[in-house]
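S.K.: So that we are looking at the same thing, I have put the structure below in structure tokens.
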């Protein structure tokens, strides 16, 4: 199965090609590099009995994840949303709303520096979740743009495990989420976030959030396959994200809301997630809330991954 | 006929069907637009099969159905003997697709594109890299290996695209308009590459809107218009289907063209066409007619003739006769629906 057993003429041919190219190049011919010979092409054709077995689910997904990494390498600008945006969100919400909200959250009625420090303990895990969830939206935008290109026709014509093309993209996004999360937490520590759960608690909360983000991304995958344009994907995603993140306990405790709204906000998967992340970072480990997050994750994948694959396979 | 897919994967040469493609009554509709309206194809293994038609005729949609990217709404199709509905994975193991819009990742470099495909096709990272380097060298792209594809010229892109289809050698290769929008020199290179691949045993299914390309490359041609096959055969058969040949005359002095036209009209007994070239005329001769009286008549009238030819009609004329419109009208906008659908 190794292609190292290529027939001898192949390597012979190949030793010759660059030499002739170099000679012509020295003579100043710009076309030298474009030399294509029938013999060279015949020699490079792989005998059909040396075809390897196509990549499986895992290696296929990892390869598509590698592609996402290469894209970041070539277009570092696409990291703008996961670097500047989180810093902006954290600093803005802490300094502008922190004082007023801290007064409420702490119950002391005092505003200013002390109230901000108080609020930061409550708010950082929340904005951490909020920002990452907002960033998951870009998964759909990128995919919608990507899928419309010719390369996806080729991917779909390969004998690989088809979901690898989507799973790989989502795996690649995990790197972006990790970067964004690290930035938020760093800014958080700078403005005074001191969680009781310590490093292990913070890491556990981080891990839980990454898992949830991966599962939630399947919703955006579905949206990106349903919508004809990037703008439409953006519109739909925003419409879903705003109630999902703001009708939650990210900014203020549920208890401060009208009675009829409280059960709705409590049932919001984002509230459940934020509660679990807060508990983990606080060091108050609660199996029930983590279990509930896991349940939401399962449901998200079980519903949206198959729909996405169905749409992807029938994409024209 | 069923065959053990394990055997195939090990590469033991099996020939499940003498046909590369057998399709009957393929239909695909996008909304109100019936892109493919009952296409029948029988493509033998080996050689080059050309699907010729104007933009929007349904060529790309047909290819996409055969390459298992699109599910037909109706009809049957077997590719290399395997059913497109039930055995798409086996088909994908044995085909390669080079799409109309370069099937490459424009943000990545040439070598990265090939490594990506090599890894997906099952090579280790080292093997995929070596395979990529070998292919780049053979396709004259070694120096551009580490350049992003978006910085490639149209011709280089095409060659990389074809190289990508040869990371493992396919039994059937789909080439969707391989030379659309590239310069003549690159076009000739692509033609040479295609001929080399066929010599290596791969069957090629190529779509084109260029009559010359089909004439130059294809062993057999299917002419598609409005989602249907309107003619099929070897280039020679298609030409003879249109009837006897055309008479082409070029007078030495354009001033004499009208006079010559009148003489020819009498000699041929039919319509004489004034070509764009102000000295050229052409006339269609009826079945069994001879061209020599025309030449004699021109000489007798004292008209100096620069060229005088009589032969089979060109594919341009074939297309005009079959579809009722000249091949040049390809450039119009009825292409849009198909491109939009394909891109979606």
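Heads up, the Cβ atoms here are built off N, Cα and C, so glycines get one too.
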S.K.: Name the residue range among A:148-168, A:232-252 that TrEMBL annotates as transmembrane segment.
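M.R.: TrEMBL lists transmembrane segment for residues A:232-252.
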S.K.: For which of the residue intervals A:199-220, A:265-286 does TrEMBL record transmembrane segment?
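M.R.: Going through A:199-220, A:265-286 one by one, TrEMBL flags A:199-220 as transmembrane segment.
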S.K.: Count the Cβ pairs between the transmembrane segment (A:79-102) and the transmembrane segment (A:175-193) that lie under 8 angstroms and are 6 or more residues apart in sequence, then report whether there are at least 3.
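M.R.: With 3 or more qualifying Cβ pairs, these stretches touch.
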S.K.: May I ask for the residues of the chain that lie six or more residues beyond the transmembrane segment (A:122-141) and have a Cβ under 8 Å from a Cβ within it?
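M.R.: Tertiary neighbours of the transmembrane segment (A:122-141) are 81-82, 85-86, 89-90, 93-94, 98, 101, 105, 169-170, 173, 176-177, 180-181, 184-185, 188, 191, 193, 195, 205, 209, 213, 216-217, 220-221, 223-224, 230, 233-234, 237-238, 241, 244-245, 249-251, 253, 270, 273-274, 277-278, 281.
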